[in-house]
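Step one of this worksheet: look at the structure below.
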Amino acid sequence: MSWQTYVDEHLMCDIDGQGQQLAASAIVGHDGSVWAQSSSFPQLKPEEITGIMKDFDEPGHLAPTGLHLGGTKYMVIQGEAGAVIRGKKGSGGITIKKTGQALVFGIYEEPVTPGQCNMVVERLGDYLIDQGL
């Protein structure tokens, strides 16, 4: 299965059969190389990936400055140290799950809820971890 298939079928999927889906998603290597992304995913800046990776290594690193992705600033909210970073901006937000080799990104806007975004992103992330990826 290609990485694009994971994005198209497992991240940009219909959530809970409600006809809702994430606003954007991607699978990105720890080095910032994009493995696959939805057409709506923002253009990443190298320093944004560097900051995200540092927060996984040193939880709380992004809290004072916020999480920046594609030039958009998200307020960092509760996550799981070394595993998940979550951010909020207005009525939407972001979930980033770290696997052995990749970062799985999900960006949502209402009516999708933070919990739905977390579920979609973390489910794929956990699967990739189980596959040694």
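Every residue gets a Cβ built from N, Cα and C, even glycine.
For C13 (disulfide bond), other Cβ atoms within 10 Å of its Cβ number 16. DSSP assigns C13 (disulfide bond) to coil in the three-state reduction, placing it in neither a helix nor a strand. Residues annotated as disulfide bond in Swiss-Prot: C13-C117.
Distant neighbours of the motif 'Involved in PIP2 interaction' (83-99): 23, 52, 55-56, 62, 66-67, 69, 72-77, 105-110, 112, 114, 117-118, 121-122, 124-126, 128-129, 133; these residues of the same chain sit at least 6 beyond its ends, with a Cβ under 8 Å from one of its Cβ atoms. Under the heading motif 'Involved in PIP2 interaction', Swiss-Prot lists 83-99.
In this structure, T113 (phosphothreonine) belongs to neither helix nor strand by DSSP; it is coil. Cβ neighbour count for T113 (phosphothreonine): 14 (other Cβ atoms within 10 Å of its Cβ, all protein chains included). The phosphothreonine feature in Swiss-Prot is assigned to T113; the stated evidence is similarity to another entry.
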For the motif 'Involved in PIP2 interaction' (83-99), the number of residues DSSP places in helix, strand and coil: 0 helix, 13 strand, 4 coil
Average model confidence [pLDDT] within the motif 'Involved in PIP2 interaction' (83-99): 98
